[in-house]
Structures are given as C-alpha cells and as structure tokens.
Amino acid sequence: MQKYLEKANVLIEALPYIRKFNSKIILIKYGGSAMENEELKHCVMQDIALLKLVGLKPIIVHGGGKDISAMCEKLGVKSEFKNGLRVSDKATTEVASMVLNHINKNLVHSLQNLGVKAIGLCGKDGALLECVKKDENLAFVGTIQKVNSKILEELLEKDFLPIIAPIGMDENFNTYNINADDAACAIAKALRAEKLAFLTDTAGLYEDFNDKNSLISKISLEQAKILAPKIEGGMHVKLKSCIDACENGVKKVHILDGRVKHSLLLEFFTDEGIGTLVG
C-alpha cells in the first residue's frame, strides 16, 4: 500500500506545477550524454512527451557535435575547433547539415511513437533562423540576427511540437552551422519562453567546479552576473547564455544533468528540483 501512496504523492506534488505552466512555452536544448545513451534518450523523450500531453508547449533545439565529428572522420573531412567552436568550411557544413537532419528525423519518429505531433525543422526552413558570419576564422559558423518566430507560434497553435536543427542561412542563402546553445537561447528570447532548459553533462552550476559540494541549486540574475567572471570554460559560456536569456524575456533558465533519468520532470514538477535554476 505504501508504494501506491508514494506514487499518488508524486502526482499530487506535480499538480500545482502542471497548472502553473499550462500553455507556457518551454525551450529545451537537447545534447550531450542524453543524446548518446539509448536509455537516457528514451527517458528524455518520455519526459518531453509528458510535458506536451499535460498542456505545456515544449520546443526542442538539438545538437549533434559528436555525431558530426564521427561522420567527418568517416568521410575524411578534417575537423578543426577554435575556442570550442567547430570551424565549418563548406564540406564540414554539408556534413553537419546531413547529420543534424538525420538526428532531427529520428527525434520526430521517437516522439510520434509516444503520441506527440512532432515536426522537424532546420533554421533554413521558412528562413526561421537568419544569420550572419560569426567570424571569418570560423568560416560558415553563423550568429543569429533574426528568429522568424511566427512560424513556431503557428505550429504551437496547431498543437505541433517543433524540433529544430541548428542550421541557418544568410540573405544570400549561404548555409551556416550554428552553436545549438546559441540557437536555443535566441529562440527562447524571441518567443519570450517561460523556461529555457539546457541538458548538460554536469550536475549544474558550481561555485567552484573542483568542489562538488558547491553546487548552486538556485541563483538570481544579479547573483549570476557577479559569479559569471569567476567561472571558466564551457560553463562560463553557458552562464552568459542564461544571463542573456533572463535579461531578454525568458523567465527562468535551468542547467540540468542530462545523465540523470527524467531530469526534466524532476526539475519542473517537484518541489526540490534538480540542477541549477537561474533567474
């Protein structure tokens, strides 16, 4: 009997959050181990399907860095990185487009199997993500200048769940590879999303990354600005994205451990949450 009561309590705990976030846009940046491990992948798809089916409006932006690197190696296309960003010449950009399209359609298939009306897009579709070149040294890596959010708003209105591959184009129809974190942040800002969640390979934001007891469960925007200069590496970039999002219309940003099963549900629908909440 006790285990049934515990299950009931879980549902009761989730109820106020389901009510609070009903019809709200939730932007999920999907990447890291949660994309590479089949069991974790299935858990993430279940979480997102449940978010959709209880009335939230999720949108997925996915990465694919390791798969792109593997395909480049297989095809003999040289991979080069500068400051953590892939240098994308025309050959690399073509490989990235191919790999991301394949990942995108697999995600659509997974969510369709869970009863969700999912639709796959890349940033070139309908000029969803309009770009300019980020840096001459990075070749076809783009910075988003405009998100044509009307496309996404209409899809959400028709009960679709958009899944977006981070490929964009410029005014001359050149194709650009876009950092998936940047794409997720730009789309969340354009839609003034209720939440932006980054699935990562870390438990969240640490005050001192070498001290695993320094995990920050919640941090205000002002505190995040003070902490940002003290953080190094990839998490510094991610925290800057969190600050940018919160300053431009996104209510809350979450840094979650994608290696934990059902981390999205644990963060959104429980009192304690998991990971770091910014904002």
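Cβ coordinates are placed from backbone N, Cα and C, and glycine is handled just like the others.
Keep in mind that what you see is a predicted model, and the values were worked out from it rather than measured.
Sequence annotations record features per position, and here Swiss-Prot assigns substrate binding site to Gly64, Gly65, Arg86, Asn177. Residues or ranges marked as site 'Transition state stabilizer' in Swiss-Prot (evidence: sequence analysis): Lys29, Lys238.
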Mapped DSSP class for Asn177 (substrate binding site), helix or strand or coil: strand
Nearest recorded site to Lys29 (site 'Transition state stabilizer') by CA-CA distance, among recorded positions Arg86, Asn177, Lys238: Lys238
Per-residue Cβ crowding (10 Å cut-off), top of binding-site residues Gly64, Gly65: Gly64
Shell list (substrate; ref centroid = CB of Gly64, Gly65, Arg86, Asn177; cutoff 8 A): Gly63, Ile68, Ser69, Ser88, Ala96, Val99, Leu100, Pro166, Asn179, Ala180
Site diameter for substrate, Å, by largest Cα distance between Gly64, Gly65, Arg86, Asn177: 12
Lys29 (site 'Transition state stabilizer'): secondary structure state under DSSP, collapsed to three categories: strand
Alpha-carbon distance [Lys238 (site 'Transition state stabilizer'); Arg86 (substrate binding site)] in Å: 17
Between Gly64 (substrate binding site) and Lys238 (site 'Transition state stabilizer'), the C-alpha gap once rounded to whole angstrom: 17
Structural state of Gly64 (substrate binding site), classified by DSSP into three states: coil
